[in-house]
């Protein structure tokens, strides 16, 4: 018989070990598979990058000072000193640092502090590319006693000989775009308009270049400075003036390009096209092309912007085209921009003829791995309303976004995108197995507590049942509803996205209202997030209430529990999480903006901002992480008190204590750890910003907490003598001997015949403990 009992004990032990080993084997297998996939899946052809270039996906990513396939081409002008003769015949040196091609640099020499432009650089110099060779331009020198306001007062009455100095000074004063204000933008734009309206101004190439450089620099100013309504009239006047100027000049700056050509007598059409930028990030004249008498739009996929003018009544005039790198001069009250991608604006004009229609094709640049095009609209800038309009325009789509319009000026394609969310993958085997076992364990524990009430001669253990119920409900919701249903439609791969929106409606050319839209609303996902939030908070709060009960029973055993203890704990345990969830939902959720409360990747609280950085304003922090951290801190303090004062307390005068095994103390400690949820602290280690480390902690977290319900069942149900007795009655072959676990107890004599010093300290067996002071029972 002892041998049989020993074999049964071994069988149970081996079974528990097998479950544990299986879970950890799956964990290690998943880690190895994940790392192997990430390592082998990103193999790209090798590249030998020069000059600190970085090889990514088989191509070299070059620093800004180098370009070319291998970063082998110089993209800067060396530091230089320019010597200029002053009016008094003196020589003055201007020192410039190294300058990247396409940019201006400021001289080390500055204006005197007591001048209008005190401590501002006296001169600026640009580095351009002639063929493949970076070349320095002649510097522009500032009059230290002039500012934008003084220049604006002079420009209207200035003669042709003074315009060059005004244009050059304006260019220098706007050469720091990040320092431009709404007022300075308005003043500089008015100066540019007045100069461009001077007769025959296009014949002076230096003045024209300075004015266009000023306009280009204004387009680099902060986006917020263009949000003021008082700028709309100024920018409208500037863009109209530049349309007229485009008929007579050919100028290319970093943010604008002008192309003008005379019309041939037999020209029936004229096509302007701009090739996609290289990594330089600015417009190049070599990327612009004008062709006449073409049959239609080009099908070259390297072309980013095209505009085709069909000409009627050609009188051998001129055609002019204007290309804006961004849309800051065209601020719409209807269409709002939230993304960082720019929208190019193209304009075409005919002088000496009329157009029968305009065709356009756009191949916009955006990050296809992060954004999915949802819709587009073909629009033109209507000066009558100072906003975009779709009147007279139709749209289409193939490999390009196509438009046909009856107008010729300031066209754009407005686009709306949806973020390509990386939806969470379906739960892995570890989660399914661990949560499945937890659900079974929690159900068994709850049924055991309820149906053995009379046998244990005590009331239902409401605290433990409440903890198990909240944890059980959370686990069921998690395993069945955490995955967003949109993930089944789109998934995380690009193909599904493309199939979903490849054939969106191309007949309804309506004006869009935003460049970013949320994915389709999913009220179910929002509801799941609310319920998960509530029941997980309730689970943690019930662990804290169980900790409080343990403290009262074990460390303050001589004092009775407070009155209406169960009712008070129930109100706290179920009421406070409801208040937190209600406040969080009311503050963050808005109709049509559910993602301010929850995530799209899976149905849980929002945590990241638009730049994928952890946000202090999102509900994940203040409505979950902080409250849970406080609860875990409280539980940890109670845990330390119980383990030090009760479980691991030594008393050499007690013979039973000497026989107590180390393993029994460990089991008792683990029991407290499990029911107080101490292992959830591993979740905070998952916030470490290191992918491999975070992934390892994720699996450890999944193992420890995914099986928490099973652990509670093993420690608080399967080890109970009553449970063992019931099981042995139903399945005699599984009968097991009792293994009492003794906990410290005191017997106090309160009669006068016994003094306090004669109080007995003993150890009670596990049956007494479980029935009197454990979490399993709460006496009324």
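First residue shown is number 1, and so on along the chain.
Placed from the backbone N, Cα and C atoms, the Cβ positions cover glycine too.
Small disclaimer: the values here were computed from a predicted structure and weren't measured.
Here TrEMBL flags 427-720 as domain 'G-protein coupled receptors family 2 profile 2'. Annotation comment: TrEMBL describes 429-448, 460-482, 531-553, 565-589, 624-648, 669-688, 694-718 as transmembrane segment.
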Cβ pairs under 8 Å only, please: of the recorded stretches 429-448, 460-482, 565-589, 624-648, 669-688, which one is richest in them relative to the transmembrane segment (694-718)?
429-448
Which one, 429-448, 531-553, 565-589, 624-648, 669-688, has the most C-beta pairs under 8 Å toward the transmembrane segment (460-482)?
531-553
Counting only pairs at least 6 apart in sequence, do the transmembrane segment (669-688) and the transmembrane segment (531-553) share 3+ Cβ pairs under 8 Å?
yes
Restricting to the same chain and to residues at least six past its boundaries, which positions have a Cβ under 8 Å from a Cβ of the transmembrane segment (429-448)?
19, 22-23, 26-27, 30, 464-465, 468-469, 471-472, 475-476, 478-479, 699, 702-703, 706-714, 716-717, 720, 723
Across the domain 'G-protein coupled receptors family 2 profile 2' (427-720), what is the average pLDDT of the model, as a whole number?
79
